[in-house]
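Engineer: Straight out of TrEMBL:
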- A:24-43: transmembrane segment (TRANSMEM)
- A:49-71: transmembrane segment (TRANSMEM)
- A:92-112: transmembrane segment (TRANSMEM)
- A:147-167: transmembrane segment (TRANSMEM)
- A:179-200: transmembrane segment (TRANSMEM)
- A:236-257: transmembrane segment (TRANSMEM)
- A:298-319: transmembrane segment (TRANSMEM)
- A:346-364: transmembrane segment (TRANSMEM)
- A:376-394: transmembrane segment (TRANSMEM)
- A:410-431: transmembrane segment (TRANSMEM)
- A:457-485: domain '4Fe-4S ferredoxin-type' (DOMAIN)
- A:488-517: domain '4Fe-4S ferredoxin-type' (DOMAIN)
Amino acid sequence: MSIYQRNMSLTGEPPKALSTTEKIASASGMVGLFILVLAFFNVNLPWKGAWLTASLVLISSGIITFARAQYSHKQAGIKNDGVWFKDLSSRGFWGWVLAIFLTSFYIVLYFFPATLGQGTDGAANTGLIGLFDPLSYLLKGQAASQWFVYGTLYTVAILSFGIKFILKYRHNSYEVIRTGSVMFFQTTFAFLIPEIMAGLNSTKDLPYYDLKNVWPLNYYLFEQWNVNALLVNGSLGMTMLLFGIASILVITPILTYKYGKRWYCSWVCGCGGLAETAGDSFRQLSDKSTGAWKIERWLVHSVLVFAVISTVGIVHSYLPKNNIYKIWEDGAVVKQYETFFTQSNFLILVGVGLTIIFALIWIFRRNELKQDARYGAIGFLFTILAFIGIHFMAGTDNLFFFNHGAVKSAYGFLIGAVFSGVIGTGFYPILGNRAWCRFGCPMAAILGLQQRLFSKFRITTNGGQCISCGNCSTYCEMGIDVRSYAQKGENIVRASCVGCGICSAVCPRGVLKLENGPLEGRINSDAVLLGQEPDLMELLSDNKN
Amino acid sequence: MEHIVIIGNGIAGVTAARHIRKLSDKRITIISAESEFFFSRTALMYVYMGHMKFEHTQPYENDFWAKNRIELVHDYVHTVETDAKKVHLNSGRDIMYDKLILATGSISNKFGWPGQDLEGVQGLVSRQDLEQLEISAPNNKVCKRAVIIGGGLIGVELAEMMASRQIPVTFLIREKGFWSGVLPMPNAEMISRHVRSHHIDLREEEEMAQIIADDSGKVKSIITKKGDVIPCDFVGICAGVRPRIEFLENSSIELQRGIMVDRYLETSVKDVYAIGDCAQQREPVGERKPIEAVWYTGRMMGEALAQTICGNPTKWNPGHWFNSAKFFDIEYQTYGWVWSNPKEGHDHFHWQHADDKRAVTIEYDLATRKFIGINTFGIRMKHEVFDVWLSNSKTVDHVVENLDKACFNPEFFEKPFKKIKQAFTTIQQIKA
């Protein structure tokens with residue numbers, strides 16, 4: 001609905017001012033934040049550990065207390081009262097303030113870590129990052145970095161807002177269990193395990209490795225420093241590298257076949273975790289227009305192609321011309337392997353692999369692709385193959401004409417930093433909580449293709465019970481116009497659906513259900529709404545085909 | 001090219017238009033004074049509650065209509081001239097039609113209460129009603145107390161709306177339990193308790209006698225039949241609806257309570273049809289009432305009439321009865337017939353969860369054990385499965401045994417079907 005009717009002034013008022021408990025909770029959170037601000041401005045705080053603890057405890061207890069005050073006195077059920085009247089959740093003044101604050105934080109975090117107090121060239125950390133040193137030493141025996149600060153705050157956000165989410169949806173077991181899962185994976189897999197792993201081995205660092213972070217979301221998996229770091233660590237490192245590859249080629253497709261991409265996007269992924277918990281108040285802001293849908297499909301798949309090209313370029317750049325792979329350290333070869341992966345073999349393999357995947361989709365799933373998706377797929381395949389072909393004919397060292405380093409840093413800057421961080425999270429209060437997942441995440445694009453083409457997952461609609469009220473579409477964070485399917489009685493099989501289950505939760509008539517079922521009849525475009533006598537049902541069904 | 005004119009852009013009129021477009025190339029015009037574009041009236045409550053903005057209630061983007069060559073006329077029809085096949089609009093424009101579809105919907109029932117036309121007294125049917133509500137009851141400072149008359153679906157929705165803005169509500173219903181004209185007593189009482197648990201002052205077996213005005217002609221209080229005076233700033237009239245047909249009174253179209261139609265949904269005048277809330281069946285279908293002010297009925301009549309209009313004469317022949325609603329936090333679905341009191345030769349099986357939010361009532365024939373219908377509260381059920389069971393005349397024992405096959409609850413929800421089966425078996429043993 002791109003062109004809204006704007007002439008109606010159905011404006012309500014926020015239901016009420018903050019209660020006393022809510023005020024105290026807000027104050028507590030603000031004091032916690034204020035400690036971080038003090039540290040940011042280099043106020044010298046003694047007993048850093050105590051101040052850090054105080055700050056994190058105040059922030060999280062503030063969030064949790066506020067959530068309790070909001071939901072615990074109300075009966076369990078959907079509580080979206082006044083969402084569109086509240087300034088923060090309807091792109092009002094405070095929404096913009098928050099967006100600008102978050103965006104600024106991300107810009108500083110990614111591009112100006114020195115501002116946060118990151119010590120360079122062996123200097124000790126100061127400021128905000130210095131405040132986090134005690135916790136970092138506790139976990140891994142090293143000083144903190146900007147990413148450690150970010151990881152800690154990220155985890156605190158998912159845990160506290162996760163509790164808020166659970167309180168809000170406590171009547172809904174699916175939401176409660178799913179949120180518990182997201183909180184668990186963030187705390188252990190994304191935060192504690194990698195930090196502790198990095199700290200365990202002091203002589204030869206095991207790399208910081210988030211096992212659940214799959215390429216291409218983990219776009220540095222195949223970078224030389226990472227591969228080398230894994231390889232020099234012997235069998236454990238090798239296992240991790242193989243696990244990383246198996247995740248992409250085996251584990252991910254199998255899980256997506258069985259459960260849809262939701263197993264990752266809504267149950268495991270950290271980006272999804274933050275979106276679902278801290279971002280829940282903004283889910284209604286995602287754009288549902290067909291225009292936005294078109295942009296989404298072209299953008300997210302372009303990012304995927306960009307990620308493939310960038311990764312191929314990077315791997316190509318450090319592979320040997322002959323079959324000996326050497327790991328260099330300080331100018332000397334520390335290890336060498338005999339390998340099949342020479343530059344040429346690798347490129348041929350990539351070309352053949354992509355062609356096979358394309359051919360399989362074209363042969364078995366062609367009819368499920370829309371016209372523009374077919375054009376896009378052909379276009380993308382030929383772009384990549386043309387690059388590879390030209391490379392062989394021109395015989396330069398640089399893959400794809402440009403310096404692989406430039407592609408890599410462009411990818412890291414544009415996608416890794418600007419898109420996923422600055423816009424993806426910073427713009428929660430403006431674009432909705434899943435802008436990154438929807439428009440930018442290459443992992444979501446891959447899983448989405450799998451989900452659309454061969455998954456058992458779908459959202460089914462209940463006969464003729466839909467009343468077209470629009471709650472499902474409004475609260476879909478991925479901008480899917482769920483209602484347009486529900487009111488036709490069609491199953492919802494969309495590449496972008498992350499299976500958060502909120503459409504089913506907010507439906508006042510119980511019309512939507514997330515299901516894993518047989519592949520036959522999954523895309524039932526001829527489904528009709530029930531209610532008529534059988535003859536007319538058949539007529540309606542014929543006419544829909 | 002044949003010109004189909006539809007008066008009313010509710011679900012009935014719009015469904016008819018969409019299906020006529022699918023089946024044919026006819027020229028289609030929809031006339032509505034209420035809103036420029038189709039919106040879902042069932043969602044009006046969510047706009048007031050702040051769950052959605054008004055534009056979210058519009059299922060189609062604004063360019064949908066032009067793309068599908070459906071002309072929209074934003075105007076009021078004041079008369080229909082069936083001899084000349086013409087409708088006259090308030091703007092002075094006349095529109096000629098070849099076939100006319102009346103889908104004008106309904107307005108709130110008013111039963112001649114003293115003061116019923118005062119400022120601050122209204123129903124909740126149209127978009128204009130919602131706009132009026134924003135004036136009369138924007139918050140609990142302007143509206144210190146609301147009184148709602150009539151215990152039906154709109155009444156409980158209005159109560160929920162008021163409660164969302166912390167406006168104290170007194171809710172008067174004639175019956176002993178909420179909607180007990182339709183719901184069996186145990187179900188009605190459960191909903192009554194649930195409504196009260198949301199701090200609604202629900203008064204059963206109570207009716208309004210009159211509405212008292214203040215000096216400026218605004219409502220000040222109401223007096224109940226029992227003589228209680230309830231000061232209030234708003235009175236919600238939710239004692240049912242009736243067809244909106246006044247503008248047809250001088251036409252030659254036969255009217256009773258609604259517009260009289262035959263089984264092909266045609267009125268007494270050739271080429272004039274009526275569907276949705278405003279239509280009254282000459283011969284009711286099965287157990288159904290002659291006028292059904294139900295969203296689903298409007299939708300299905302639109303589907304059926306489109307066939308007739310496009311050269312495939314189709315009787316209005318709905319399948320098994322179904323309906324649904326939500327009372328605050330409790331979802332309600334019904335399939336088949338469950339009467340407030342079991343019909344002769346029938347019996348009810350009631351089951352209620354200890355949480356007082358989930359319940360099932362099944363009506364069945366005692367002699368043949370045939371399954372007649374089911375009410376479920378707080379448990380989602382599959383429409384399709386019950387449609388098949390009803391068509392195949394399954395027994396109540398089969399239905400209870402296989403209830404889990406009809407379950408539509410989200411994943412990981414606790415399933416009470418074992419408890420339901422146990423309760424059913426126990427009761428059958430006691431009765432036997």
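Going from the start of the chain as shown, residues are counted 1 onward.
Cβ coordinates are placed from backbone N, Cα and C, and glycine is handled just like the others.
Any idea what these are sitting next to in the structure?
Structural biologist: Long-range Cβ contacts of the transmembrane segment (A:24-43) within its own chain (Cβ-Cβ under 8 Å, at least 6 residues beyond either end) map to 18, 51-52, 54-63, 65-66, 69, 116-117, 126-128, 130-131.
Tertiary neighbourhood of the transmembrane segment (A:92-112): same-chain residues 86, 146, 149-150, 282, 417, 421-423, 425-430, selected by CB-CB distance under 8 Å and a gap of 6+ residues from either end.
Long-range neighbours of the transmembrane segment (A:179-200) within the same chain, counting only residues 6 or more positions beyond its ends whose Cβ lies under 8 Å from a Cβ of the stretch, are 136, 139-142, 148, 151-152, 154-155, 158-159, 162, 165-166, 169, 206-213, 266-270, 272-273, 276-277.
Beyond its flanks by at least six residues, the transmembrane segment (A:236-257) meets 206-207, 209, 211, 214-215, 218, 221, 227, 229-230, 263-264, 446-447, 450-451, 454-456 of its own chain at Cβ-Cβ distances under 8 Å.
Note on the transmembrane segment (A:298-319): residues 215-216, 219, 222-224, 227, 325, 339, 341-343, 346-347, 350, 354, 376, 380, 383-384, 387, 399-400, 404-405, 407-408, 410-411, 415, 419, 438-442, 444-446, 448, 496 of its chain, located 6 or more positions outside it, place their CB under 8 angstroms from a CB of the stretch.
Here the transmembrane segment (A:346-364) has Cβ contacts under 8 Å with residues 308, 312, 315-316, 319, 377, 381, 384-385, 388, 391-392, 399, 449, 453 of the same chain, all six or more residues outside its ends.
Tertiary proximity for the domain '4Fe-4S ferredoxin-type' (A:457-485) is limited to same-chain residues at least six positions away from its ends with a CB under 8 Å from its CB atoms, namely 80, 259-262, 275, 279, 283-284, 286-288, 290, 292-293, 296, 432-434, 437-438, 451, 491-494, 496-500, 502-504, 506-517, 522, 527, 529-531.
Below 8 angstroms of C-beta separation, residues 78, 80, 169, 172, 174-175, 178, 258-262, 265-266, 272, 276, 283, 296-297, 300, 434, 437-438, 444-445, 448-449, 451-452, 456-467, 469, 471-480, 482, 523-525, 527-530 of the same chain, each at least six residues beyond the ends of the domain '4Fe-4S ferredoxin-type' (A:488-517), sit close to that stretch.
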Engineer: Mean pLDDT, the domain '4Fe-4S ferredoxin-type' (A:488-517)?
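Structural biologist: In the predicted model, the domain '4Fe-4S ferredoxin-type' (A:488-517) has a mean pLDDT of 95.
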Engineer: State the non-local partners of the transmembrane segment (A:410-431) in its own chain: residues 6+ outside its ends, Cβ under 8 Å from one of its Cβ atoms.
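Structural biologist: Cβ under 8 Å, 6 or more out: 88-89, 91, 95-96, 98-99, 102-107, 109-111, 219-220, 271, 274-275, 278-279, 282, 285-287, 303, 306-307, 310, 437, 439-442.
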